[in-house]
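A.B. asks: So TrEMBL lists these for the protein:
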- 53-71: transmembrane segment (TRANSMEM)
- 83-103: transmembrane segment (TRANSMEM)
- 110-130: transmembrane segment (TRANSMEM)
- 150-172: transmembrane segment (TRANSMEM)
- 275-293: transmembrane segment (TRANSMEM)
- 313-330: transmembrane segment (TRANSMEM)
- 350-371: transmembrane segment (TRANSMEM)
- 391-418: transmembrane segment (TRANSMEM)
- 430-454: transmembrane segment (TRANSMEM)
- 474-494: transmembrane segment (TRANSMEM)
Amino acid sequence: MEQAKKQESRGVDEEKWVYDSSLDHKGRIPLRASTGAWKASLFIIAIEFSERLSYFGLATSLIIYLTKVIHEDLKTAAKSVNYWSGVTTLMPLLGGFVADAYLGRFSTVLVSSVIYLLGLLVLTMSRVVPGLKPCDVGICERPRRIHEDHISWAAADVILTAVMAFTILIFCSGRPFYRFRKPTGSPLTPLLQVLVAAIAKRKLPYPSEPDQLYEVPKSDQTQGRLLFHTKKLKFLDKAAIIEDGQDSAEKQNPWRLATVTNVEEMKLVVNMIPIWLTTIPFGICVAQASTFFIKQGTTLDRKITHDFMIPPASIYALAAIGMIISVTIYDKLLEPFLRRATGHERGIKVLQRIGIGMIFSVLTMVVAALVERKRLKVVERNPLEGSVSMSVFWLAPQFLIIGIGDGFALVGLQEYFYDQVPDSMRSLGIALYLSVIGAANFLSSLLITLVDHITEKGGQSWFGKDLNTSRLDYFYWLLAGITAGNICIFAFVASRYSYKKVRKTTVAVADCYEGDHIEVMA
């Protein structure tokens, strides 16, 4: 009876307070009713909205700005956009590491947002301060008045800057509602410790049973969620072998003896490398939407009415519409049906979802090649008028299809990297997803350079000064072929992938082979 009362009292206490190692803004145990959940999320959504508004506002207009204002040729402008996108999507790797290891997530978001604001201020000044305008230098042929498609490049930058400044204030005002976690140090250190310990004990024989490997005692669960032992990458298991005569002091040396969970976390990271590499061709296809796709739109008829013409960058909204449609259909229709059919919690495994998105990226390149070929035929029939007689909505299918593919692949990549990284690397997990797009943008620039160099030797480069002297249709077919071939490699890698297996209760290391008490993060 007394024990039941204690358990009831503890349950009531846990309903009031949050006991998950998080703290409130004053360093106390958070009160459940006044912190976290939607109360905190709304402030974070505000700063995220501002960041995405600024990013896509710049990313989708940059190719137009570089070609029309700075007067770069097509291939140079496309590579410049890819470099910019590559840097901006690789930098979160640094931010995620700093957040997990040193500053914490709130401080990292605040510092990066202030840096973002400073960048927008400099960009705005470069378009309104005469001495900072990119004119009369480099390849800028002549001074140009400040403009965009309809009002002003500077006006757009002022709006983005103002919105960012306002949402930073909103984000800071939500501080009393947030739950904070103290940084736990570098998440890479335990991985390095596993590697060092495995190399140091490389000559030791494997134990006959996996439950002879070292794991934290049942009385010490401060490490967090424990992972089951898996049979792959057995060399790393040697880091968890307890040597004969090893005293308690040596067991406390993580550079000499690692836990099974730490070993499995190292295996997770190693297993991610082939997945990361085989998703890059998909990212290269995605990179074309913010460069060549939008540039194609500038050559087509964009008039809706006599007084209104669609800005080229606005065509990118079709990709967002395609993504919203695919995510909605998948979540509301496909996932419930597949869950009943397969018995899997998510309907299909996350890598299968990514693979479906890759198939859509191949289809996007095929459609884009066919549309570009039709546009070039229109130009051939009327070189003076060009392709302005062709409606911009001919580009709608390729934008919609790449958006649908994003709904499968990009959402799948977010889930995959967030779920499959070690718990201490969750911020880095999201950054790893973005790094796929970043690396793909750099490789897209490299591919443009190689193709330009090779085809130029054949007499005519696929990338001329403008679209009408280029053969983007050939380039799209090349990307379709590369991505299709890569899907076969991805399917092979995915079929051999071992998902994270989390212990729901404290059981023996070897129990993972019997299928009980396992939470598979797939």
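Quick reminder: no glycine exception, Cβ is built from N, Cα and C everywhere.
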A.B. asks: Using a Cβ-Cβ cut-off of under 8 Å, list the residues of the same chain that are 6+ residues beyond the ends of the transmembrane segment (474-494) and lie near it.
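C.D. replies: Residues packing against the transmembrane segment (474-494) from afar: 274-275, 278-279, 281-282, 284-285, 288, 292, 351-352, 354-355, 358-359, 361-362, 365-366, 368-369, 372, 448, 451, 462-463.
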A.B. asks: Going through 53-71, 275-293, 313-330, 391-418, 430-454 one by one, which has the most CB pairs that fall under 8 Å from the transmembrane segment (110-130)?
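C.D. replies: That would be 53-71.
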A.B. asks: Between 150-172, 350-371, 391-418, 430-454, who has the most Cβ pairs under 8 Å to the transmembrane segment (275-293)?
C.D. replies: 430-454
A.B. asks: Cβ under 8 Å, sequence separation of at least 6 from the ends of the transmembrane segment (313-330): give me the contacting residues as numbers and ranges.
C.D. replies: 56-57, 60-61, 64, 149, 289-290, 293-294, 297, 353, 392, 395-396, 399-408, 410-411
A.B. asks: So what's near the transmembrane segment (391-418) in sequence-distant terms, Cβ-Cβ under 8 Å and 6+ beyond its ends?
C.D. replies: 272, 275, 279, 282, 285-286, 289, 293, 296-297, 300-302, 310, 315-316, 318-327, 330, 350-351, 353-354, 356-361, 363-364, 367-368, 371, 374-375, 426, 429-430, 432-433, 436
